[in-house]
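**Student:** Pulled these from Swiss-Prot:
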DOMAIN    78-177  domain 'Fe2OG dioxygenase'
BINDING   His96, Asp98, His158  Fe cation binding site
BINDING   Arg168  2-oxoglutarate binding site
Amino acid sequence: MLLHIPDILSADQVADFRRRLDAADWTDGRETVGHLGAQAKHNQQLPEGSPLRRELGEIILVALARHPLFFSAALPLKYLPPRFNRYSGGGTYGFHVDGAVMNLANGEQLRSDISCTLFLSAPYEYEGGELIISDTYGEHEVKLPAGDLIVYPSSSLHQVRPVTAGARVASFFWVQSMVRDDVQRRLLWEMDGSIERLRQTGGDAEAVLQLTGVYHNLLRRWSEV
């Protein structure tokens with residue numbers, strides 16, 4: 001499921017992030033990938049051990065926990081903590097698929113079900129830099145307002161087009177969902193949204209209760225926790 005979730009961060013939060021990131025020390029993004037990935041990746045990242053990366057990442061995780069649309073769509077179980085990258089001067093990342101299993105700092109592993117990009121640069125601040133996500137329906141071009149999030153299946157082939165002017169700053173992270181199957185997650189998300197709309201419009205209380213029960217029984221059947 002490809003989903004645009006607006007306003008994860010407020011304008012004030014984005015401005016604070018940018019002020020601090022613009023003054024940060026960045027490293028070559030190729031240091032964080034294997035040999036094949038290094039051939040396609042041309043950007044900068046905050047170092048893995050950066051205190052700033054951890055601090056800003058925690059702010060993002062708190063914001064996500066407060067966002068009902070994100071929870072409904074992702075049904076998150078684990079996160080690979082947010083990282084930060086910057087593309088400028090022709091920086092790009094060619095077509096690739098994210099790794100299936102990632103190592104967490106606590107020694108556990110994460111299955112990458114959902115890939116997330118949180119835009120921290122406004123579209124007018126840079127040229128190029130579109131996130132291109134390829135699936136069975138074709139290619140989708142994504143370039144969102146600062147503070148907005150795009151989520152998509154980690155199995156998707158995707159790339160970042162070259163940034164030919166300005167700088168594209170973003171955070172990116174992965175989620176292991178309670179429901180690994182993307183089709184099942186989408187069905188649950190659609191049902192959850194329908195139940196909420198029925199509640200808001202004064203739908204039949206008994207029918208809403210029954211649908212809510214169906215939702216939770218499907219979640220119980222499909223979830224892995």
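We count from 1, first residue shown onward.
Cβ atoms here come from the backbone N, Cα and C positions, even for glycine.
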**Student:** What are the helix, strand and coil residue counts for the domain 'Fe2OG dioxygenase' (78-177) according to DSSP?
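**Tutor:** Secondary-structure composition of the domain 'Fe2OG dioxygenase' (78-177): 3 helix, 65 strand, 32 coil.
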**Student:** Neighbours of the Fe cation site His96, Asp98, His158: Cβ within 8 Å of the Cβ centroid, same chain, sequence order.
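**Tutor:** Result: Tyr93, Phe95, Val97, Ser115, Ser154, Ser156, Leu157, Gln159.
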**Student:** Give me the CA-CA distance between His158 (Fe cation binding site) and the residue listed as '2-oxoglutarate binding site', in Å, as a whole number.
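**Tutor:** About 17 Å separates the two Cα atoms.
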